[in-house]
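As annotated by Swiss-Prot, compositional bias 'Low complexity' applies to 68-79, 86-98. What Swiss-Prot records for 259-639 is domain 'GRAS', and it gives sequence analysis as the kind of evidence. Sequence annotations record features per position, and here Swiss-Prot assigns region 'Leucine repeat I (LRI)' to 266-331 based on sequence analysis. What Swiss-Prot lists as region 'VHIID' is 350-422, and the listing cites sequence analysis. Annotated region 'SAW' per Swiss-Prot: 568-639, in sequence order.
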Amino acid sequence: MPLSFERFQGEGVFGLSSSSFYSDSQKIWSNQDKTEAKQEDLGYVVGGFLPEPTSVLDALRSPSPLASYSSTTTTLSSSHGGGGTTVTNTTVTAGDDNNNNKCSQMGLDDLDGVLSASSPGQEQSILRLIMDPGSAFGVFDPGFGFGSGSGPVSAPVSDNSNLLCNFPFQEITNPAEALINPSNHCLFYNPPLSPPAKRFNSGSLHQPVFPLSDPDPGHDPVRRQHQFQFPFYHNNQQQQFPSSSSSTAVAMVPVPSPGMAGDDQSVIIEQLFNAAELIGTTGNNNGDHTVLAQGILARLNHHLNTSSNHKSPFQRAASHIAEALLSLIHNESSPPLITPENLILRIAAYRSFSETSPFLQFVNFTANQSILESCNESGFDRIHIIDFDVGYGGQWSSLMQELASGVGGRRRNRASSLKLTVFAPPPSTVSDEFELRFTEENLKTFAGEVKIPFEIELLSVELLLNPAYWPLSLRSSEKEAIAVNLPVNSVASGYLPLILRFLKQLSPNIVVCSDRGCDRNDAPFPNAVIHSLQYHTSLLESLDANQNQDDSSIERFWVQPSIEKLLMKRHRWIERSPPWRILFTQCGFSPASLSQMAEAQAECLLQRNPVRGFHVEKRQSSLVMCWQRKELVTVSAWKC
């Protein structure tokens, strides 16, 4: 969705002066060591020149690592999705008459207005790109539990943001062994005791976010026997991925010729699998394997990009996977600095994705409904969200609107204020940090508009790697309800047990999880690559079915970066871990059933989508959104 950069020029993204935007010396927005050229690159947010942000690139540690710093703001958030054509007979379909009855009985006639794809027209604020009700960040009909309206509540301003650090830790070489013993209630390990800084203090630009040593030194992963079976839906049959008993076997696999790769999906799958297996040996400094993998991917990618003018979703997904694997070979772990214009394009792609696919709406509204139902009890003055994947913060706009609607007296028992604590990994570039601060300012602005008292605190997820520095004082009072948003792909699998143990001590009212079909930390890296191929093929199919003109920008600025991020994170923690649901159970959490209201809300949401092919399935205590019987995302709730 090409946007004119000039339309956003003027006073800046939020119409704030540079002095007010960066007045707080505690924030990471002044870097005296950067060159003037880099200042000019990031200085213009959208209009006037702003000081260069101090970032993780500054190797400075906080003089007071455990000092807390708070700030009042608002929230937005993110995800993926698609559009479709057929419906299964065994599940709830988008076009089911029963759904029409449910929606009518619940008084959901205004949902069309909420979910319309109306554009803000000539609005001159990037905030409107994200917060526009037409892009799934608006307000649900009150009957849905997401009412509109605002009360006479002001948004207090108190700054608090704790920045990130680079904190070494002791890795787990085999997390599965620790969980097999039933006496182990939760996998736990002790990292070094050097105190981590809370703030986004930093290291060097090229330092990995999580520096990991080889989890299996001296062992060549290419020689492992992988005998996993995976269904590949294109052929509607079980396929066994190649298993290599030696590096020679992998090296002997022929690279697909231009005449066969485009016609036989199994060949493409085989080559991607073999390349991924070879890439797993790069930690052992095996140059031969690197060269072999690079050759396979280069030739495969060249063919995929030149095979036809109109590529199928499978071909496009395979091409993105190949590009991501090549980036791993070249150690391109840090994305280049983004320009303000690219940032606008990424936000525009995010908005287009939310309008094109019901994915974001399904995740956000289902999670928020569960949070409201668990936290909306008499006596709670405030809801405290602990978020491990804030994105652009769009998830919380409807929640703030609902809280604002209760202030006027419609729902007097409802909490009237909101606090957000964001746990984020150390930004690997100035761009990551820039986006985080951009989101923070968006949230502050929106909280002021709906007049909801709202605080935000930014903490390093690395604080949770050492129990000695756990911020257990996050709960401010007994009248504060705590809800956790923990997408499965938001943290490295090796860190999940410690994070769950920390959350267990906080005793949250609810933990909400979203799980995409490609988040497979329990599979070896090559198999995880194929899972990602299958998942993103299905996602692109759903987007193609919508016939949206913005599909290319969505794919370039949203889907492709998602693939790169997924594979990079999975490759950094190459060792397999137990399925995440087992980890939750081992750490003392039990699944909580989602309500009938949440299920009916999801069904009506998909029913009103113009593309047929999406449907909702209820699997045990979870709700699953599928595209033509293929899982796109699952939302579940957990309690301790």
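In case you wondered, yes, glycine gets a Cβ from its N, Cα and C as well.
Remark: secondary structure over the region 'Leucine repeat I (LRI)' (266-331) totals 54 helix, 0 strand, 12 coil, with classes taken from DSSP. DSSP states for the region 'SAW' (568-639), grouped as helix (H, G, I), strand (E, B) and coil, give 24 helix, 25 strand, 23 coil. Secondary structure of the region 'VHIID' (350-422) per DSSP, as helix, strand and coil residue counts: 38 helix, 12 strand, 23 coil. Mean pLDDT of the predicted structure over the region 'Leucine repeat I (LRI)' (266-331): 85.
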